[in-house]
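Asker: So that we are looking at the same thing, I have put the structure below in structure tokens.
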Amino acid sequence: QEEKLWDALKISAYVFSTGLLMFTALVNSVSWLMQDITLGDFWQTTWLNFYNYFEGDEWTIFLYGAALVPALAFWGFNGILMVADITGKPTFITRYRIQLGKNDPVDTKKLRQAIYTALGNQFFISLPMLVPMFHVMKWWGNTFSKDLPTFQWFLVELSIFTIIEEILFYYTHRLVHHPVLYKHIHKKHHEWTAPIGVVSIYAHPIEHILSNTLPVMTGPMVMGSHIVSISAWFSIALVTTSISHCGYHLPFLPSPEFHDFHHLKFNQCYGVLGALDYLHGTDRVFRQTKAFERHKVLLGLTPLSESIPEAPKRDE
């Protein structure tokens, strides 16, 4: 047991120290690049114009930033994907399908059910949860400041948001996989063994609170973040989880192979980044598959299902 603990500590130190070094390098390089760009003044002026247009009405500003903008990002991105899911066009997208032969085309009855559930979760769960969040943010007193946070500080916040989401999502996700809870709660989400983007928030209301909403909301509440940072983070989180569920490994986007494999096998790959799965050994089967070899950003136009195909099945 002591040896396993020591190995886990060494792996943790390696993962987080590597991440810290990469993050520091990113901040320094991007900050150097941004010094010669006047975008900071542009965004500051835009924010002040927006703030003054609503005459400093903080609740309205909060709704726009925390609800409307992320929702537009989510449905805009998934609208494009749903066209491909339903029509099979453009073929530029569909040729990157991960689980070949699945959702080709998607079952429109199941798709309608997923859309209705996703909309219900957004309107009747996520939106009401913004009310207590709004009061927490007002208590911090910085959320509606007329001065935008610096780009460097936003990168710091983004890294903290990501770590908090990873921890909360991994353990709440494993919790709803407990047999007692799975049957009544999480099974709904796993009706899609080959997921599509909108399925990212197709879930039982309890799961939507525990695993989808709280892990994303907690970071900004802990940090007392500006509404612009909250809006950007919520939008990034929604688009990223849509990519993880979309069923297509598209060029230049984050790899969805990790979470797609979770939907295929159920008991692997519970997290977002994969660090906790590695520490807990819940990615061992995944690491022995072709999906793991394909789990990288595609930098070319050749689908990874072609360049790294599944091994041919042996004749029985």
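Glycine residues also receive a Cβ, built from the backbone N, Cα and C atoms like all the rest.
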Asker: Out of 114-131, 258-275, which range is noted as transmembrane segment by TrEMBL?
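Answerer: Range annotated as transmembrane segment by TrEMBL: 114-131.
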Asker: Which bits of the chain, at least 6 residues beyond where the transmembrane segment (114-131) starts or stops, bring a Cβ under 8 A of a Cβ in it?
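Answerer: Same-chain contacts beyond the ends: 62-63, 66-67, 71, 188, 192, 196, 198-199, 201-203, 205, 208-209, 212-213, 217.
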Asker: What is the number of residues in the domain 'Fatty acid hydroxylase' (160-282) that are helix, strand and coil, as DSSP sees it?
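Answerer: Per-class counts: 85 helix, 1 strand, 37 coil.
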